[in-house]
Amino acid sequence: MRAQWPGQLWAALLALGALAGVVVGESNICTTRGVNSCQQCLAVSPVCAWCSDETLSQGSPRCNLKENLLKDNCAPESIEFPVSEAQILEARPLSSKGSGSSAQITQVSPQRIALRLRPDDSKIFSLQVRQVEDYPVDIYYLMDLSFSMKDDLSSIQTLGTKLASQMRKLTSNLRIGFGAFVDKPVSPYMYISPPQAIKNPCYNMKNACLPMFGYKHVLTLTDQVSRFNEEVKKQSVSRNRDAPEGGFDAIMQATVCDEKIGWRNDASHLLVFTTDAKTHIALDGRLAGIVLPNDGHCHIGTDNHYSASTTMDYPSLGLMTEKLSQKNINLIFAVTENVVSLYQNYSELIPGTTVGVLSDDSSNVLQLIVDAYGKIRSKVELEVRDLPEELSLSFNATCLNNEVIPGLKSCVGLKIGDTVSFSIEAKVRGCPQEKEQSFTIKPVGFKDSLTVQVTFDCDCACQAFAQPSSPRCNNGNGTFECGVCRCDQGWLGSMCECSEEDYRPSQQEECSPKEGQPICSQRGECLCGQCVCHSSDFGKITGKYCECDDFSCVRYKGEMCSGHGQCNCGDCVCDSDWTGYYCNCTTRTDTCMSTNGLLCSGRGNCECGSCVCVQPGSYGDTCEKCPTCPDACSFKKECVECKKFNRGTLHEENTCSRYCRDDIEQVKELTDTGKNAVNCTYKNEDDCVVRFQYYEDTSGRAVLYVVEEPECPKGPDILVVLLSVMGAILLIGLATLLIWKLLITIHDRKEFAKFEEERARAKWDTANNPLYKEATSTFTNITYRGT
């Protein structure tokens, strides 16, 4: 396996390559910009240095590479070459548990860092984040009490007890609260006719309803879960006139009224928003003549109702996002199927937000909250606050298995107690007017953060010893600073010896790089043998011969350097995370990261922040859709094995959470969910057939529907096996006996037939018994001659 290089090493190599490119070309950038002061020299490039030594040999440029200045015998102590640096100011170690006091719980390290950056330079620093165990949790349940949620209200009357029981498996310090909303109590959102409809909006439905209200805070966060149940039982529904609700008003007030709600500083904040309808957004208030924008402040009165409901417009998504981030609140949209796609879109615009599908009667809200909390705790995503305009940041994430993922500022699939780290490169563009600024980096939903104090090192130390009206500058015509004269208005020359009023045509040849070329590039005047560049409405003209400017670079979509870089003498110098001739190609890869944890789902290449699908049949923003791909089922099969059965390659490598981010739902049977569904079947290690379906809805939510029970071959019946074995033994014995008997019979028959055959062939003489011998015997005497 190829070794992974740390993000810092990659960044360092890239930086060295960039700096080398500055000097390897045809000319030295430090000596070709026509600078005449130390401050200008440092702004040319991070590789440039300035020599303030008065004894520097004549003709040697004071702005040069440091090694060149040393070769020119510039004293080392006279060289101005500030180096960007990072210094850790505070770094408490990360905590392992969250059961201590707030001051003892640390989830982000370091906490404070100081950066010193010279113009156009960058510095890399690291940040570690850990989700500690047993961290306190605050859950505020915000419910839609419009008439359509009547059955849901009865379903959550015991939610407090059940929720506490489930959440205490994850934390020993839980508090829950309750609030309700309907919509702004003003026409056209409410019924105003007939008059009795104001007090009882359900007058024509033979039901009694509460008068319509905007938002009311019912129960402050408490660890007494029985009180939650009691307060919920006291609630009744109301009724509004139009379909959308005023939920965003309620979210805003529940977020910013931290004292009323009781949010703790040292706890995870979960705001559960339940509804079955759309919601009004900013500018919808104009339907009721409400034009005052939402101010994002707390307006809960002594009666615990939202007092500005009829005078202030609904909040915008941007304002909600800002306030949720400031208060470290994770929003959970628990909404019904008919509006889930809308709230899925909202969640993409609000960091730290999750969406769950609520059943029609809210019976699954308990599991939904627990699952949503698990998703929140399994993800770490960084956000940046108050970043100076002149700074740009680029991120590299080291999540699981110490794998560095360039361009990513989030990690998913984490377990409680896991530690992740981020390598962050801060790069400054130019020289900001404010020399000291600060910004904050924090994980979404965390109270812990990293404060970065930045000092922009734009000045030279030798400027502190400047001599105004110095005799060295032609009897006081300028300030002697850093080894050169900075001439007063109206004076020019290296020693301020030439007045602008003087004019000698013979000096004009010194204002042209070559004979025959325009003087001062036709963008300046030659005074005393020195180019004085014109001012321009488009930008700044610089250079020894006025050959450079900051406005003549290429444009892309109407913006110079695509809006992602600076123009430096006709060339685009791209910001961090951007590259290309036009600076229009981002180097970030987080936009190419698919839900399975792979860049472009492993089916394409990430080019300029977008996936270019290369596998035939694949499509989608991250090449995630590919019904005809051979890996559509094989990869998801590994996720099913890992997440449902806790086995398989991904489980053994502990990468299940990273590569398998789809929701898994168990079903009894697979149904036809449309053309975006892919049915898959495989045999597991137990030789059982597992069937599942991969489905992606219109909102982009991917789900794996897995049949609860795999189809396994039935095991043998023991009794049948025993009887079969015994029967087989008996049959074999009987068969053996029969065969033996048959063989014996055949053998006997053959012998008997042989006997009969031999007996039939026998020829016996029946006249004499060959065994009988007569009593007399007759012998003939051969010698007897008859005499």
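Just so you know, the numbers here start at 1 and follow the chain as drawn.
Placed from the backbone N, Cα and C atoms, the Cβ positions cover glycine too.
Since the structure is predicted, the reported quantities are computational estimates derived from the model, not experimental observations.
Residues or ranges marked as disulfide bond in Swiss-Prot: CYS431-CYS458 (among others). Counting only residues at least six positions away in the same chain, the Cβ atoms of GLN39, LEU42, ALA43, ARG118, PRO119, CYS431, PRO432, LYS435 sit under 8 Å from the Cβ of CYS458 (disulfide bond). DSSP classifies CYS458 (disulfide bond) as coil under the three-state reduction.
Here Swiss-Prot flags CYS462-CYS482 (among others) as disulfide bond, drawing on sequence analysis. CYS482 (disulfide bond) falls outside any helix or strand according to DSSP and counts as coil. When Cβ atoms from all protein chains are considered, those within 10 Å of CYS482 (disulfide bond) total 25, not counting its own.
Under the heading domain 'I-EGF 1', Swiss-Prot lists 462-497.
CYS473 (disulfide bond) carries neither a helix nor a strand DSSP state and counts as coil. Residues annotated as disulfide bond in Swiss-Prot, with sequence analysis given as evidence: CYS473-CYS485 (among others).
The disulfide bond annotation in Swiss-Prot covers CYS511-CYS526 (among others), and the record cites sequence analysis as its basis.
What Swiss-Prot records for CYS533-CYS546 (among others) is disulfide bond, and it gives sequence analysis as the kind of evidence. Around CYS546 (disulfide bond), taking its Cβ as the centre, 23 other Cβ atoms fall within 10 Å, counting all chains.
If you look up Swiss-Prot, you'll see CYS553-CYS567 (among others) marked as disulfide bond, on the strength of sequence analysis. The 10 Å shell around the Cβ of CYS553 (disulfide bond) contains 22 further Cβ atoms across the protein chains shown.
The disulfide bond annotation in Swiss-Prot covers CYS585-CYS608 (among others) and rests on sequence analysis. Other Cβ atoms within 10 Å of the Cβ of CYS585 (disulfide bond) number 17 in total over all chains.
DSSP classifies CYS611 (disulfide bond) as strand under the three-state reduction. In sequence order, CYS592, LEU599, CYS600, SER601, GLY604, ASN605, GLY620, ASP621, THR622, CYS623 make up the list of same-chain residues 6 or more apart from CYS611 (disulfide bond) whose Cβ falls under 8 Å from its Cβ. According to Swiss-Prot, the feature disulfide bond maps to CYS600-CYS611 (among others), an assignment based on sequence analysis.
Here Swiss-Prot flags CYS626-CYS629 (among others) as disulfide bond, drawing on similarity to another entry. Under the three-state DSSP scheme, CYS626 (disulfide bond) falls in the coil class.
Among the features that Swiss-Prot reports, disulfide bond is placed at CYS639-CYS660 (among others), with the record citing similarity to another entry.
Reduced to three states, the DSSP call for CYS642 (disulfide bond) is helix. The disulfide bond feature in Swiss-Prot is assigned to CYS642-CYS656 (among others); the stated evidence is similarity to another entry.
In the three-state DSSP scheme, CYS712 (disulfide bond) is classed as coil. The feature disulfide bond is assigned by Swiss-Prot to CYS688-CYS712 (among others).
Residues or ranges marked as topological domain 'Cytoplasmic' in Swiss-Prot (evidence: sequence analysis): 741-787.
The annotation phosphothreonine is assigned in Swiss-Prot to THR766 (among others) on the grounds of a large-scale study or a structure entry.
Taking the Cβ of THR778 (phosphothreonine) as centre and 10 Å as the limit, one finds 5 other Cβ atoms among all the protein chains shown. Annotation comment: Swiss-Prot describes THR778 (among others) as phosphothreonine, evidence class similarity to another entry.
Counting only same-chain residues six or more apart in sequence, the Cβ atoms lying under 8 angstroms from the Cβ of CYS629 (disulfide bond) belong to ARG603, GLN615, GLY617, SER618. CYS639 (disulfide bond) has none of the disulfide-bonded residues CYS485, CYS511, CYS585, CYS626 nearby, counting only those with a Cα within 10 angstroms of its own Cα.
Checking each of the recorded positions CYS473, CYS511, CYS608, CYS712, THR778 against CYS567 (disulfide bond) by C-alpha distance, the shortest gap belongs to CYS608. In this structure the C-alpha atoms belonging to CYS608 (disulfide bond) and CYS546 (disulfide bond) are separated by 35 Å. CYS533 (disulfide bond) has CYS526 nearby among the disulfide-bonded residues CYS462, CYS482, CYS526, counting only those with a Cα within 10 angstroms of its own Cα. Sequence-distant contacts of CYS473 (disulfide bond), defined by Cβ-Cβ distance under 8 angstroms and a gap of at least six in the same chain, are THR479, PHE480, CYS485, ARG486, CYS487, MET495, CYS496. A count of other CB atoms within 10 A of each Cβ picks out CYS567 as the most crowded of the disulfide-bonded residues CYS567, CYS608. The disulfide-bonded residues in question are CYS626, CYS642, and the one with the fewest Cβ neighbours inside 10 Å is CYS626. There are 25 other Cβ atoms within 10 Å of the Cβ belonging to CYS600 (disulfide bond). Of all the disulfide-bonded residues listed here (CYS511, CYS526, CYS533, CYS712), the one with the fewest other CB atoms within 10 A of its own CB is CYS712.
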